[in-house]
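Student: The structure under discussion is supplied below as structure tokens; questions concerning it will follow.
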């Protein structure tokens, strides 16, 4: 027995390893793996089905076909194990060695490995510095290459055609050496001196200045250094020995009917062996050169096809015309080894079935069909039966279970008790897609699911299926119970709000229950408490909605957490009093004393969780559900056609609109409006009519008139079923009711343009044929969109997970003082997101001071929970600097303080939490709710876009920031700065509204002045951009020559004449170099200086500028000198929805990005070229000016002589994130991406915490480009991991050396995933071949830091519960311990096993 145990131990030995290295295999290494050479292309004997000797399935090389039995049958049984049969040469051992023993083929001529040849950039080409084309010509025997020039004038690596070679032979004889084929390339690679080459290249690099040459040299140096450091030899890229895959990994399976199913690899290997053997024979026979060459080329092609079929030339096809699957195809793509078998496996002990509702379940339960449970828990049942002595052997137990004896069911009940199972619904978009429940045995065949978890699973009961999995080991059960139980996942990880919220029927029931009604039965009663309320309701003495007075006892927590009771008489309704009975102690009565809609219920559960914690919340959620279902049933709310009340006014509204449309049509026919204007106006009219109809309809539905107790009429909220459903948030929306009872309105064509005749009918009246046909467009587009959206959203999630998968919380506090400044999100007059929502659950980076004092309100490193946020609001703080993952200083991973609160648990995040994956899921999961389309702006929208004034909504004081201004002659402020912001502050100094003020706006109120609500504070002309003078004096024209640089135009209506500056294209040759400008001089004719500088005030005028002043006129500061007409931007498409999110995360450059100033200084314009202007910025400190060419058609925001700061906008447009990072830094680009992504999600009403987007941004900023190397080993211009530069610089500074300087890079998520340090993770994501080729050449080590790599090598992941295991391993490693393997005797083992089973299965009564 002992031997057997030892033997079993030996069979399952595990290797402890810390990293995986990939490198080129040398021929000797391949031979050392091999168990013998495969010499023949035969596979198995078709009569005996035995493998042929020396063939591809040879038993002597690869091992026996049957366990412990040699091929000829001389040795059978375990006792002969390890014997090698002298007759057939097969070792007697397990057959599974056929999965691990490799063979090899000795190639008669070397062949190039296609990956290193054709995977761009070609490694062989880069190493030899030869073009790929030339190398291929040599390899495929079209030309010669010179290997050794000798004393001749031939250069090494020179390519010779057949003729040139023969000429050279005649001329030089055997002075030189030239060959063709892979031998030639092998000789070239072999004779390279890598270190020497490196030296020469580095010297060359220091001498050259041309950018392209430097790039090329750095590439070669990197490759050469990689070879030197990894110990790879260049000639190993040419194969002389080919490894053969173990036969069980490329099986040959006999089908019935004498046919065989085989892996494509066998075909590919057979071709290689056939050609190789033929080549050997030809060489032995000393065949003519041309025949041998042809055979060598064929061998090269066969090896290429085996390694990567189809990479070069046409793919080799099998008998059925489909390309054969080569070794490379085995590992790449969705069906490849990585994604199919290593990252996703099928698991045992699982089942799936349809789901139905389980409204009587508790939150932690699910209904499991008996049939399924019996099958899933079989091993446990067998064990239990044997333990009880009811079955003597496992076989007997099996029989009992198959007969389904009565005792089996009792045992099943025992086994299932307290044994959680996991339920999963595909697609699993976030971690709440798999949760644990305690099974309850039920009859029937469908799984019952608790209704409240449907939101998390996104499940409904229209035929959805779910899978059940059984956690087998004790640890797995523990994790399922502690971490995955549905009761532990009440809050959504995406936004920290409850995800266990009632919906649909439950909401309707609670809403119906808490509504009040005028003059209902029993109004005015005074009741002793909720119990009496329920009694009189059940007795039929009072209606649920009756307004009554009830004595209510509320409990409140004091400082010590004790409950203090207060009792009072409350005005409420019978229904609310009944509902109060299930509300847990500690919540105020006001929480139910209102008509409860979906939002209110969600808020109620949230409050409960924050005040009372997990357990009461779970019980409360369950109770609300039961109550909701019960009262929804009692309400009898139903929908009939009469509930859809059509407003009387509808008819007249539509006829008015029709009249207006007819009028517009007349104007169009008489030529007063253009076709475009007519179309836009018609659409506006119908849109307005539709709104009026729907408003009339909603007003009609919303209220009803009833007689109250005093006999008077009174308005009350309607009890119309449809309205109640929409109002409570149970189902439907105002827009849907509008289609039922209002009018359907305008429809779009398939291309997105709006059809100008609306559908005036609604669904109650019914549509006619034309209307129905028009409707079909939209309906079909909706379906097509949904299908596309799902795929796109899934792909976005996959890329996000891949880029963030290795980000884990690794330490408690990194100690940084960096952070990002959080302010409320304000757009125009609305606060889109208040400050408390943005800072809740974050850690302060600096002390927060009480506004206007030096008192510390919140100390540094405080986790801001709800109470702190209340304090901030009470003290009207409107900006808080909080820690952020983007600025976290941890080298690998992030620290808990920079992340803040774990949103799903409500406390600070634990170490080992996989925040990267959580972030990716939180952003990706709502992806399917985003729209797919780009929005076209036309009609009403585009006209409203040209604003010309700012009107504030609230009263308060004005605060201007980034402002330069002058006072004009009438005493008003005129803005002369570009990016001025106007904020409206309330009396506490909180920002209520925020607006952008353009250049040239005239302010009605100045900085710090008080305004009333509704007041207009700024005006400007939206169609022209003014040129405003900052000084007073007299105008002097310079270079303004009529006919050359300017032309006079007279307005026909007013008779005023104005000067228009000609565009440089329209000028005569004499006027090309003139620079028209307006100079301001004083009465003596001297230049006036711009205040604060020593520059004369002169304003250069761009083309098309209009001047309405004459030479020599007196002007005062703040006056408009000239106007530049702005072309109104045509209808620009706004990319919205999913494509916009993808663009942001992929960091794509917009089509026409904004042009930003690269340095601070004074703007001037240099010499123009065709179609472009030269913009020159000269720094004030006199360093080198910066030049940029800008296309003429771009509208510029700056004038000559203006001062700009680095990062200022020179020409408007969407900003490119790379520019923001380069010019304004990491925080600015974070703020930009976070805000832009949030805008898209906010439009759809999806809440995601900023943290998640910041996590992804941190991963996008993973790389840095070295600017100067200092004393480090980096090359300049090299892109390296930011953490590596940080660590290297820290070490260098500690030794007093100079560190490297670098700039951060922003990579898109796909690029960032492929650029990770881990080649395993990158290879399993995309472009497998390229990643593996690169890694092999560089001899990369994968440190297995991320989650993906560890899943692939089959270990616990270094996150969650696996985090401790990895920490422990590292500690043991550091201490140099060996993991102890205890010496166990068989008796001990079996005893402890029995003990464990008893303890684990609750049967320790020793029967």
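Every residue gets a Cβ built from N, Cα and C, even glycine.
The following feature annotations were taken from Swiss-Prot:
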| type | residues | note |
| --- | --- | --- |
| BINDING | 70, 72, 85, 88 | Zn(2+) 1 binding site |
| BINDING | 460, 462, 464 | Mg(2+) binding site |
| BINDING | 814, 888, 895, 898 | Zn(2+) 2 binding site |
Student: Return the member of 72, 88, 460 nearest to residue 898 (Zn(2+) 2 binding site) in space, with distance defined Cα to Cα and candidates limited to these binding-site residues.
Tutor: 460
Student: Provide the three-state secondary structure of residue 895 (Zn(2+) 2 binding site) computed with DSSP.
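Tutor: Note: residue 895 (Zn(2+) 2 binding site) is in a strand by DSSP.
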Student: Rank the binding-site residues 460, 462, 464 by the number of other Cβ atoms within 10 Å of each Cβ, and give the residue at the low end.
Tutor: 462
Student: Give the residue from the binding-site residues 814, 895, 898 that has the most other Cβ atoms within 10 Å of its Cβ, counting over every protein chain displayed.
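Tutor: That would be 898, with the most Cβ atoms nearby.
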Student: Of all the binding-site residues given, 72, 85, 88, 888, which has the fewest Cβ neighbours within 10 Å once its own Cβ is left out?
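Tutor: Across 72, 85, 88, 888, these binding-site residues, the one with fewest Cβ atoms within 10 Å is 72.
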Student: Would you list, in sequence order, the residues of this chain other than 814, 888, 895, 898 that have their CB within 8 A of the centroid of the site's CB atoms, where the site is the one recorded for Zn(2+) 2?
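Tutor: What remains near the Cβ centre is 811, 813, 816, 883, 885, 887, 889, 890, 894, 896, 897, 899.
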Student: Can you tell me the CA-to-CA distance separating residue 462 (Mg(2+) binding site) and residue 895 (Zn(2+) 2 binding site), as a whole number of Å?
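Tutor: That comes out at 44 Å between the alpha carbons.
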Student: Among the binding-site residues listed here (460, 464, 895), which has the Cα closest to the Cα of residue 85 (Zn(2+) 1 binding site)?
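Tutor: Going through 460, 464, 895 one by one, the Cα closest to that of residue 85 (Zn(2+) 1 binding site) is 464.
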Student: So which other residues, same chain and not among 460, 462, 464, have a Cβ within 8 Å of the centroid of the Cβ atoms at the Mg(2+) site?
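Tutor: Other same-chain residues with Cβ inside the cutoff are 355, 459, 461, 463.
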Student: Measuring Cα to Cα, how far is residue 72 (Zn(2+) 1 binding site) from residue 895 (Zn(2+) 2 binding site) in Å?
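Tutor: Just about 65 Å between their Cα atoms.
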Student: Among 88, 814, 888, 895, these being the binding-site residues, pick the one whose CA is nearest to that of residue 460 (Mg(2+) binding site).
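Tutor: Closest candidate to residue 460 (Mg(2+) binding site), judged by Cα separation, is 895.
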Student: Of the binding-site residues 70, 814, 895, which one sits closest to residue 464 (Mg(2+) binding site) when you measure Cα to Cα?
Tutor: 895
Student: Tell me the Cα distance separating residue 70 (Zn(2+) 1 binding site) from residue 888 (Zn(2+) 2 binding site), rounded to the nearest angstrom.
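Tutor: Residue 888 (Zn(2+) 2 binding site) to residue 70 (Zn(2+) 1 binding site), Cα-Cα distance: 63 Å.
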Student: Within 8 Å of the Cβ centroid of the Zn(2+) 1 site residues 70, 72, 85, 88, which other residues of the same chain have their Cβ?
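Tutor: Filtered neighbour residues, in order: 71, 73, 74, 75, 86, 87, 89, 90.
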Student: Would you mind reading off the Cα separation of residue 70 (Zn(2+) 1 binding site) from residue 814 (Zn(2+) 2 binding site), to the nearest angstrom?
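Tutor: For residue 70 (Zn(2+) 1 binding site) versus residue 814 (Zn(2+) 2 binding site), the Cα atoms are 63 Å apart.
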Student: Among all protein chains shown, how many Cβ atoms are found within 10 Å of the Cβ of residue 70 (Zn(2+) 1 binding site), not counting that one?
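Tutor: Result for residue 70 (Zn(2+) 1 binding site): 25 other Cβ atoms within 10 Å.
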Student: How big is the Cα-to-Cα gap, in Å, between residue 814 (Zn(2+) 2 binding site) and residue 88 (Zn(2+) 1 binding site)?
Tutor: 66
